[in-house]
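Novice: Got these off TrEMBL a minute ago, pasting:
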TRANSMEM  B:6-29  transmembrane segment
TRANSMEM  B:41-60  transmembrane segment
TRANSMEM  B:80-98  transmembrane segment
TRANSMEM  B:105-123  transmembrane segment
TRANSMEM  B:143-161  transmembrane segment
TRANSMEM  B:173-198  transmembrane segment
TRANSMEM  B:218-238  transmembrane segment
TRANSMEM  B:259-281  transmembrane segment
Amino acid sequence: MTTHRMIVDLDRCIGCHSCTAACIQENEIDLGRFYTKVINVGPTGTYPNVEEYYLPVKCQHCETPTCVKVCPTGASYRREDGIVLVDHNKCIGCEYCIMACPYGVRSRNDRLGVIEKCTLCAHLVDDGKNPACVDICPGHARIFGDADDPASEVAQKLASAGDSLHRLADVGNTPGEAFLLANQTWRS
Amino acid sequence: MDIQWPLLVFGVLAGLSMGCLGFVCAFILAGKAESLRMPGVVIALAAIAAGGLASAFHLGNPDRILYILGNLQSGITQELLATAVAGVLIVALCIALVKKASPAVLKTLAVLGLIAAIALPFITGEAYVQGARPAWNTLFLPIMYVGAAFAMGALTMTVLSRIKHVDDADRTLIGRASFVAAIICTVTVVLYVSAVALAPYPDPSRSIDRLLSGDLALLFWGAAVALGLIVPLALTAMQAFGKQPQAKGGTAVLSRPSVLFVGLVCLVAGSVAIRSIMYLLGSSVQSFIY
């Protein structure tokens with residue numbers, strides 16, 4: 001059994017937006033839309049105790065994705081390896097999944113009339129490669145692999161992270177991806 | 001979230017349709033207001049057809065609309081099925097009334113119609129109830145949709161009762177039902193707004209302050225409350241407790257069909273306003289990219 005997972009080490013993220021650029025290039029995303037973005041969290045606090053970190057956000061490939069539950073056509077689906085995808089041939093562009101997503105990471109491709117989001121570069125993953133955002137990251141902040149393989153870096157990071165492991169808000173969707181942040185206070 | 005106009009129009013027209021259907025069914029079961037049944041069914045049919053058509057404009061690929069039946073768990077699939085069932089019932093009732101079907105057939109259709117009249121607005125509202133959008137994640141939202149449908153149907157029947165000159169007993173009964181419906185509608189709006197105020201994951205984008213004194217105050221107080229609740233309440237109170245329409249002078253003018261129709265337009269405008277507010281408050285728990 002394979003479960004593809006990505007974690008982002010926020011202590012290593014320098015906010016360079018390379019992931020956003022690589023994603024747009026790899027997935028040929030229309031101008032103005034994004035599958036992944038980098039958000040500034042902060043600055044918070046008072047000088048000299050000021051904190052700020054960068055939060056790269058995208059589809060969290062949830063364990064129980066609400067987008068899949070509400071999709072009327074079955075276009076949104078979760079693969080056995082945990083990647084949540086949208087079948088363009090079935091999508092009617094009703095935007096119900098956009099309403100159901102807690103993170104605002106889906107958008108409509110008006111040219112095709114379908115909904116799109118991060119695919120975790122499933123086309124690359126199926127060829128045994130990493131998602132484009134992982135390979136481009138200069139700080140090695142994005143860690144990708146099989147969470148079910150104890151020897152993988154992602155599995156080891158998840159096992160050893162302890163209190164530095166964080167996830168986005170969970171409203172019943174159980175986000176599949178995670179963030180590492182040890183040097184600052186998690187505020188996301 | 002931006003106002004989703006095709007969905008909003010569908011919700012309002014489906015509510016109007018189900019309100020009319022519900023009252024026609026109630027008339028059949030109670031043996032009242034025979035002259036209002038056919039016009040009521042025709043309005044219900046026209047409204048649900050127009051609403052269904054409007055909803056198709058929301059889709060990116062409307063040619064694939066039948067794919068919607070692919071997931072029965074989905075609120076949209078349930079809406080489509082409920083709309084289809086309601087539409088079939090309205091057509092069946094229409095045929096039964098034209099063909100002067102037996103009382104047993106009419107009553108059977110009326111019972112089913114009553115169920116559909118409550119179910120469709122509830123399912124339409126329930127489709128929005130989801131954890132991702134705190135301002136929508138309350139059962140008071142579908143209940144508000146049912147309340148609005150009830151009030152729109154009741155006021156439509158009141159207008160028809162003035163046009164068709166039904167007898168005094170029926171007119172009084174419809175007037176009182178209309179007043180009760182306006183009260184229920186008001187209560188459901190208050191409950192929904194209260195739920196928004198108490199919703200988890202507070203955020204300025206869905207704050208109650210936006211309604212009470214912020215950028216949505218005019219839409220809320222002016223359209224949703226004044227037009228959508230106070231005007232219908234006042235007009236229906238006159239129908240329930242005021243002078244008979246044949247009386248002259250004073251407040252009798254408020255029972256004219258044209259005045260009541262303006263009241264119905266106000267009620268619909270109010271319903272549009274509160275649903276617009278619902279969309280505008282419908283920000284997600286964490287909206288990162290859009």
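Cβ coordinates come from backbone N, Cα and C, glycine included.
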Novice: Select the range from B:41-60, B:105-123, B:143-161, B:218-238 that forms the most Cβ-Cβ pairs under 8 Å with the transmembrane segment (B:6-29).
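Specialist: Selected stretch: B:41-60, with the most Cβ pairs under 8 Å.
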Novice: To the transmembrane segment (B:218-238), which of B:41-60, B:143-161, B:259-281 is linked by the most Cβ pairs under 8 Å?
Specialist: B:259-281
Novice: Residues of the same chain, at least six outside the transmembrane segment (B:173-198), with any C-beta under 8 angstroms of its C-beta?
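Specialist: Answer is 23, 32-33, 36, 135, 138, 140-141, 143-144, 146-148, 150-151, 153-155, 157-158, 161, 166, 206, 208, 211, 224, 228-229, 232-233, 236-237, 239-241, 267, 274, 278, 281.
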